[in-house]
Amino acid sequence: MGDNSINRQIDWQLADIILVLFFTLTVTPILFHVVWWGLDQILALDSLMQIRLLILNLIQAVLLGSLTLIVVTRNYYLSVSNFGLKKIDIDSILKYGVVGGIVICIFVVLINNLIHAVVSKIYGINPPTQQVIKDLLKSNNNWIFILHTCLIVIIAPISEEIFFRGFIYSYCKSKLGITKGILLNGVIFGLAHFSIWVFIPTFLGGIILAWIYERTNSLYSSILAHGVWNLIIVLLIFIIWKAGIF
């Protein structure tokens with residue numbers, strides 16, 4: 001485990017987490033409409049309809065990560081190194097990031113398929129496809145697919161790891177200890193995806209990502225693991241998209 005894991009300074013409170021969420025959820029639609037209005041004045045709106053949700057999600061991701069860092073560095077005058085944004089041995093980052101991402105992806109795919117099979121067989125219900133997957137499969141061209149991929153593989157992992165692991169997990173750990181903190185972080189991460197169908201897979205993914213963060217004491221490892229997880233999923237979707245199966 002990282003040398004500074006126990007001594008990491010955690011000054012922020014639950015109110016700060018709620019505040020970041022509140023401002024992210026309230027400011028995102030306002031900024032989105034401003035940006036969308038600007039694009040409407042410059043370009044044909046019809047040609048941009050397919051990236052409407054992408055723009056919305058991009059704004060939300062940037063706000064979530066940025067506001068979190070502002071609270072930590074401006075309100076509490078802490079360095080980003082207190083947050084886990086610090087360099088560690090590159091071999092450690094690659095080992096936990098790449099292997100961790102692959103392990104998470106395997107778990108998520110297997111459990112997700114199991115849930116779909118059980119629910120379909122017992123209840124006759126076909127769980128809905130996640131909106132982000134629908135957006136990828138509906139891409140009109142390679143550029144649209146690449147834009148979605150950049151958001152999913154690069155921007156989202158950075159933003160979500162800053163908020164869920166650096167901000168929320170660190171707080172949970174300071175109040176509950178490592179084990180309970182990791183479990184609660186997994187629950188919160190699962191609930192944040194707003195879908196009963198993906199709660200268990202994302203819950204487990206959140207647990208592993210928090211463990212990687214705790215183990216390496218660096219967000220870079222969990223960011224890489226999150227990115228690798230998402231990248232593998234995107235590559236699988238790309239194969240389906242190119243084959244025209246969906």
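A Cβ is built for glycine as well, from the same backbone N, Cα and C atoms used for every other residue.
The feature transmembrane segment is assigned by TrEMBL to 12-39, 51-72, 93-115, 143-163, 183-213, 219-241. Among the features that TrEMBL reports, domain 'CAAX prenyl protease 2/Lysostaphin resistance protein A-like' is placed at 144-232.
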Please figure out which one of 12-39, 51-72, 93-115, 143-163, 219-241 racks up the most CB pairs under 8 Å against the transmembrane segment (183-213).
93-115
Mind checking which residues reach the transmembrane segment (12-39)? Cβ under 8 Å, same chain, six or more beyond either end.
45, 48, 52, 55-56, 59-60, 63-64, 67-68, 71-72, 75-76, 163, 167-168, 171
Could you give the residue numbers and ranges of same-chain residues that sit at least 6 residues beyond the transmembrane segment (143-163) on either side and whose C-beta is under 8 angstroms from one of its C-beta atoms?
20, 50-51, 54, 57-58, 61-62, 64-65, 68-69, 83, 85, 132, 135-136, 209, 213, 219, 222-224, 226-227, 230-231, 233-234, 238, 241
Chain residues in Cβ proximity to the transmembrane segment (51-72) (below 8 Å; excluding those fewer than six residues from its ends, i.e. six or more beyond):
12, 16, 19-20, 23-24, 27-29, 31-32, 35-36, 39, 78, 80, 82-83, 131-132, 135, 144, 147-148, 151, 155-156, 158-160, 162-163, 166-167
Is it possible to list how many residues within the domain 'CAAX prenyl protease 2/Lysostaphin resistance protein A-like' (144-232) are helical, extended or coil according to DSSP?
79 helix, 0 strand, 10 coil
Using Cβ atoms and a strict cutoff of less than 8 Å, what residues sit near the transmembrane segment (219-241) while being 6 or more residues removed from its termini?
83-85, 87-88, 92-94, 96-98, 100-102, 104-105, 108-109, 133, 136-137, 139, 145, 149, 152-154, 156-158, 160-162, 165-166, 205, 208-210, 212-213
Taking only the residues in the domain 'CAAX prenyl protease 2/Lysostaphin resistance protein A-like' (144-232), give me the average pLDDT of this model.
94
